[in-house]
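*Asks:* Just dropping this structure here.
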Amino acid sequence: MQYLAEGLRLPTNGLDYAILAIYFAVVLGIGFAARRSVKTSLDFFLSGRSLPAWVTGLAFVAANLGATEILGMAATGAQYGVAVVHWYWIGAIPAMVFLGLVMMPFYYGSKVRSVPEFLLQRFDKSAHLLSSILFAFASILIAGVNLYALSIVVEALLGWPQWVSIVVAGFFVLAYITIGGLSSAIYNEVLQFFVILAALIPLTLLGLKRVGGWDGLTDSLTKQYGDNFLSAWGGTGIGDANPLGANWLTIVLGLGFVLSFGYWTTNFAEVQRALSAKNLSAAKRTPLIAAFPKIFIVFIVMIPGLVAAVLVPKIGTAGSDLTYNDAIPLLMQELLPNGVLGIAVTGLLAAFMAGMAANVSSFNTVFTADIWAKYVVKDREDTYYLKFGRLITAIGVVASIGTAFLASSFSNIMGYLQTLFSFFNVPMFVVFIIGMFWKRASMKSGVWGLLAGTSAAMINYFVIYKQGIIDIPSDQGANFVSAIVGFVAGALVMVLVTLFTAPKPEAELAGLVYGTTSPGMQEAPEEGDSAWYRRPALLGWGAIVLAAACYIPYSF
Amino acid sequence: MSDLQREVSELESKSATAARLFDIRRIIGGLFVVYGVIVTIAGISPSDADLKKAEGVHINLWTGLAMLALGLFFLVWLKLRPTAPPTPGDVQE
């Protein structure tokens with residue numbers, strides 16, 4: 001660890017630190033400037049449902065573009081090659097489009113303030129309480145993962161002791177969310193989105209130049225790792241061996257369908273951004289606008305990963321001091337002069353903070369609106385819940401500092417996150433999809449579906465895979481399979497329970513189930529929403545076609 | 001209308017975000033103009049070592065100019081399409 005820290009130290013100077021300091025000042029400034037817009041708890045937790053679509057859309061993609069994602073996906077690129085595109089083109093776009101076109105009318109139209117609150121409306125209190133607690137727990141855990149990852153990266157790059165970066169980053173996140181609420185979190189995410197682009201685009205271009213352009217890159221990689229390294233689907237036939245440890249079926253069903261839909265459509269840290277949009281049209285467009293940058297972001301994380309695999313042929317193996325996660329920091333050190341280097345460091349730190357802030361700002365909403373206000377201190381005036389929301393934000397940040405150390409046992413940070421998602425989000429998705437499309441699904445089926453799906457995925461991963469009862473070549477492959485198992489188990493149990501328990505009265509399902517509309521939906525569309533480039537169907541199908549087209553050069 | 005919808009609608013009518021929240025385009029524009037200027041200046045006469053490191057590309061200059069352009073784009077957009085004035089009845093300061 002010590003050697004690594006020395007090896008990756010960046011040659012930062014005063015210029016770079018000035019750029020970083022300006023950013024931190026702006027982050028706090030946004031928090032203070034947003035403060036005067038926070039009058040009700042709805043302002044604090046959902047920006048008063050009043051933001052324009054381009055802001056919520058960019059925040060939607062940025063909330064996912066945390067530094068763990070950036071470093072983790074570059075790592076996946078260095079380790080598995082072009083196959084990393086699956087996490088974007090099949091593992092994100094279809095789910096984002098589905099969320100926008102199909103699910104958003106129910107989410108936004110029913111006026112729920114959180115994902116668990118939808119379950120309360122559609123099913124019953126037990127499903128609601130279980131999902132609220134699971135979500136609160138998971139978001140603190142993931143915020144902790146971010147904070148821990150930040151501290152090891154900052155220690156390696158800048159030489160700050162781990163506790164310093166944990167305290168500094170924790171303090172800034174705590175300050176700007178406690179003061180400015182979700183508006184402050186979302187605005188910072190939009191800003192972070194542009195800074196991270198300004199960091200990764202020069203890095204990608206210089207990296208390509210270093211290895212002789214795209215042709216030079218592909219030549220070296222083919223020589224080193226074979227043709228399949230540069231193909232999305234090569235070697236993914238059932239029974240074939242490939243480094244990903246997954247075949248096309250588990251990629252399509254496990255990653256593309258279950259994991260991805262579970263993450264993008266029911267993870268409140270994402271959905272919250274859409275719920276803060278100013279009207280239904282803007283809410284529908286939120287994930288659709290996000291889909292377009294998402295399609296192309298893969299290039300600026302995958303290429304640095306591939307370049308690192310060329311520059312350090314032994315990266316990630318026992319013969320090298322560098323792990324896969326070091327791909328981007330390595331290129332920053334090798335290629336960026338002071339100035340752009342400061343932008344890159346700022347972008348990375350901003351991404352870490354935004355990744356953590358997205359989880360904290362969704363945690364405080366669920367904890368206040370879904371747990372505290374519904375089960376602990378009920379029916380108080382709104383100012384009380386606003387105050388409590390600020391308090392629990394601070395507590396949440398402190399708690400995530402505590403959980404930061406849980407993250408240290410997995411070498412690939414992304415694998416750790418995916419494992420968590422497969423356990424928590426997969427059953428959520430089953431319950432949502434069945435609840436939204438099957439009117440008969442009974443009140444009790446929600447909670448049993450959640451329990452069955454979560455336990456099945458855990459048993460598959462920790463017992464059947466980890467104990468070697470069935471042979472899956474890699475953790476990633478096992479994640480995909482566990483997700484499918486959790487989905488099927490959750491669905492089966494829901495159907496079984498429904499057959500023996502009472503359905504929800506039809507009158508209470510208005511606006512929650514496919515084929516019904518919410519009584520509050522007749523709000524007039526805003527002027528200009530009918531412009532052709534704002535039509536959700538066009539945006540959604542456009543994103544799907546574009547993502548499919550992107551596969552073509554990497555499939556043959 | 002359910003209790004939830006009544007509660008959220010009431011909160012929406014009292015919400016101050018739409019009327020009082022500043023426009024993020026001003027912040028993005030401002031920050032990127034400042035960053036653009038700083039990085040462009042750093043890139044005007046790069047040292048040989050910096051040039052060699054960046055594969056002979058004037059990377060600070062190009063990145064700086066691109067960031068400056070992005071910043072100006074946001075400021076111009078804000079100028080041309082300012083935030084819609086709040087509807088009557090909203091809190092104004």
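Each Cβ is built from the backbone N, Cα and C atoms, and glycine gets one as well.
Since we're looking at a predicted model, the values are computed, not measured.
Here's the feature list from TrEMBL:
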type     : residues  : note
TRANSMEM : A:17-34   : transmembrane segment
TRANSMEM : A:54-75   : transmembrane segment
TRANSMEM : A:87-108  : transmembrane segment
TRANSMEM : A:129-154 : transmembrane segment
TRANSMEM : A:160-178 : transmembrane segment
TRANSMEM : A:190-208 : transmembrane segment
TRANSMEM : A:246-266 : transmembrane segment
TRANSMEM : A:287-312 : transmembrane segment
TRANSMEM : A:340-367 : transmembrane segment
TRANSMEM : A:388-410 : transmembrane segment
TRANSMEM : A:445-465 : transmembrane segment
TRANSMEM : A:477-500 : transmembrane segment
*Asks:* Verify whether three or more Cβ pairs under 8 angstroms connect the transmembrane segment (A:340-367) with the transmembrane segment (A:160-178), leaving out any pair fewer than 6 apart in sequence.
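*Replies:* Per Cβ check, the transmembrane segment (A:160-178) touches the transmembrane segment (A:340-367).
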*Asks:* Going along the chain, which residues at least six beyond the ends of the transmembrane segment (A:477-500) come within the CB cut-off of under 8 Å?
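*Replies:* Those are 244-246, 250-251, 253-255, 257-259, 262, 415, 418-419, 422-423, 426-427, 429-431, 434, 438, 440-442, 444-446, 448-458, 460-461, 465, in sequence order.
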*Asks:* To the transmembrane segment (A:129-154), which of A:17-34, A:54-75, A:87-108, A:246-266, A:340-367 is linked by the most Cβ pairs under 8 Å?
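*Replies:* If we count Cβ pairs closer than 8 Å to the transmembrane segment (A:129-154), A:340-367 scores highest.
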*Asks:* Residues sitting near the transmembrane segment (A:445-465): Cβ under 8 Å, six or more positions beyond its termini, same chain?
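*Replies:* Result: 119, 122-124, 126-127, 130-131, 134, 419, 422-424, 426-428, 430-431, 434-435, 472, 478-479, 481-483, 485-495, 497-498, 501.
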*Asks:* When you scan the chain for residues with a C-beta under 8 Å from the transmembrane segment (A:54-75), skipping those not six or more beyond its ends, what do you find?
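*Replies:* For the transmembrane segment (A:54-75), the nonlocal Cβ contacts are 84, 87, 145-146, 149-150, 153, 185-187, 189-190, 192-193, 196, 200, 269-270, 273-274, 276-277, 282-283, 285-290, 293-294, 297-298, 301-302, 304-305, 308, 316, 323-325, 327-329, 348-349, 351-352, 354-356, 358, 412-414, 417.
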*Asks:* Could you name the stretch, out of A:87-108, A:190-208, A:246-266, with the greatest number of CB pairs under 8 A to the transmembrane segment (A:340-367)?
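*Replies:* That would be A:190-208.
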